[in-house]
Amino acid sequence: MVQLVGPLRKELADSLSTCKVLVVGAGGIGCELLKNLVLTGFKNIEVIDLDTIDVSNLNRQFLFQKKHVGKSKAQVAKESALTFCPTANITAYHDSIMNPDYNTEFFRQFILVMNALDNRAARNHVNRMCLAADIPLIESGTAGYLGQVTVIKKGLTECYECQPKPTQKTFPGCTIRNTPSEPIHCIVWAKYLFNQLFGEEDADQEVSPDTADPEAAWNPEDTAARATASEKDGDIKRVSTKEWARSTGYDSVKLFHKLFKDDIRYLLTMDKLWKKRKAPTPLDWHQLRNSGPKEESVGSGLKDQQVLSVWSLCKMFQHSVETLRTMLQEKGEGAELVWDKDDAPAMDFVTAAANLRMHIFSMNTKSRFDVKSMAGNIIPAIATTNAIIAGLIVLESLKILSGELESCRTIFLNKCPSLRKKLLVPCILDPPCANCYVCASKPEVTVKLNIHKTTVLCLQDRILKERFGMVAPDVQIEDGKGTILISSEEGETDANNHKFLADFGIRNGSRLQIDDFLQDYTLLVNVLHTEELERDVEFEVVGEAPDKAPPPQPNKEEVNSVTNGNKDSAQPSTSSKAPADDDDIMIVESDEEGASSSSAAAAPSSGTKRRHSDAETGESSSKRLRMDQSGAAAAPTDDDDDDDDDDIIALD
């Protein structure tokens, strides 16, 4: 007879009380997960998070209260979780998981690692550390009403980086406010700014410099002190952005100087942020106006597809502010505007503000058309989605601790039910990708670039660190002499930074060996020289797009029965049919929601890939679905005939 301890078998309950697990991230998913773990019976938990608690976290991160604002998320999450189970042994780290102190040996002390992160760089890093330590990893993420959980085990399943990921869709607040590095960061900031000035103010959408940025103040006490500063700084009383703008009569030049000059100057005082980044350059309205003739735009074609000059953007900003001010006044006292990408003044405002910020942070500016296409994909965080995903993480962890890794699944949470009326769709885990540049036995990749224009610093920062997720790469040229191009030892090869690759004898077909000793990771890079890259493209990874299966012929009756549109998709569409390369996704317009869905609906062949939103970043991964004969996604259980049970995950 099986002996039970509560709802669990005694052997499993004993395992929970003795095993040691690591939770990476104490935010939306992390808070729910930590609470679930202690209530399930886990006794030895370590949790790490670099962030501090902000007011905007309180609506969905329920281990935190207003009194905790400015304090370490990991530490407060630990204290709150202990109220559920005082006998638990929880260790909290207010730190970055990418700190070299958390090396392979650190990871090997755990039986299981659970990710609850909100950015791709950290996800990539933890993936590699778990592969190096040969520890199971449960990866998870949410995007609006969508979510997923998957299990990663070296040699048995795909790793997090086996499938290429699309551009990240959501970003940490301190990135938006302090250190934007991509155009989408500036577009998100500009949309937030519109709401702060003309719409409904939201604590989640603050645009002023973030004085509690953990990267700017590594001392936790300093961070807490800044975040909990008095409402008065000296004799200057803080007012909201909207109140200040109203007090100026929405003066466009004063707004310009506050946003693009004064706030940028303030950011420059946070000098720790700029030790390894290019510092922003403040703009001055009067200097720009008096600096002589200006080109109106760059490039030909339709007006919306032209990239405007800086002064043209200034004039667009001025005109849009004046127009929006008039619209606000016409609506009366206390009125608010709602941002709509099809509203010309609102779109002009976001285009101008985003591009001016891009220019300040040394990015290539975008056309109005590009900004409009990117501005509609900002995804909200939903507390109930986090709760569901956190519960699924625990269920998968129980399978692993029971020694039933083969029964683990990738589980997708959809916004709308599938054809079989299920919101949860379990899928069999895919085996490792033979060509993965991370988990293959001999990782290798080919990069197409211009050796006469690509600097060593670009290779290090843009290609190795940003694109391939390395932390401290060492680069050696396979030239028979073992020339060291980049050393992770500080200052050792800094003299090479601004030289071009061709200066070191690198040519078409050269091979570079890259080692990241922190990640215990080696990558061989084949250099493919080209002078035909598109404008603003610094490099390309050859063969990055996965092969697509031939499009299936779905049953017409099934296709017509699907209406699963929602605005959380990262793939907008104006068609009621999915494109051929996403042939296992049915995309349908929804008048209520506006954009399209990436929920699985049509019937793919057995070899097709299903893309689904992943993580709080809104990115996606690809997993194979096992399909039943009717074409609906079927849960991979032993009894597929029972339609009512295929979203139940068996533990025993």
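Glycine residues also receive a Cβ, built from the backbone N, Cα and C atoms like all the rest.
No curator has checked TrEMBL annotations; they are predicted automatically.
Record note: among 203-234, 267-298, 203-234 is the stretch given as region 'Disordered' by TrEMBL. Rounded to a whole number, the C-alpha distance linking LYS415 (SUMO1 cross-link) with GLY28 (ATP binding site) is 18 angstrom. The domain 'SUMO-activating enzyme subunit 2 C-terminal' (544-642) scores a mean pLDDT of 36 in the predicted structure. Taking GLY28, SER96, ASN119, ALA122, LYS165 as the recorded positions under consideration, the smallest Cα distance to CYS174 (active site, glycyl thioester intermediate) is found for ASN119.
The two recorded residues, LYS165 (SUMO1 cross-link) and ASN119 (ATP binding site), show a Cα separation of 12 Å. Sorted by the number of other CB atoms within 10 A, the binding-site residues GLY25, GLY28 start with GLY28, the lowest. Fewest other C-beta atoms within 10 Å: among the recorded positions ASP49, ASN59, SER96, LYS165, CYS174, that description fits ASN59.
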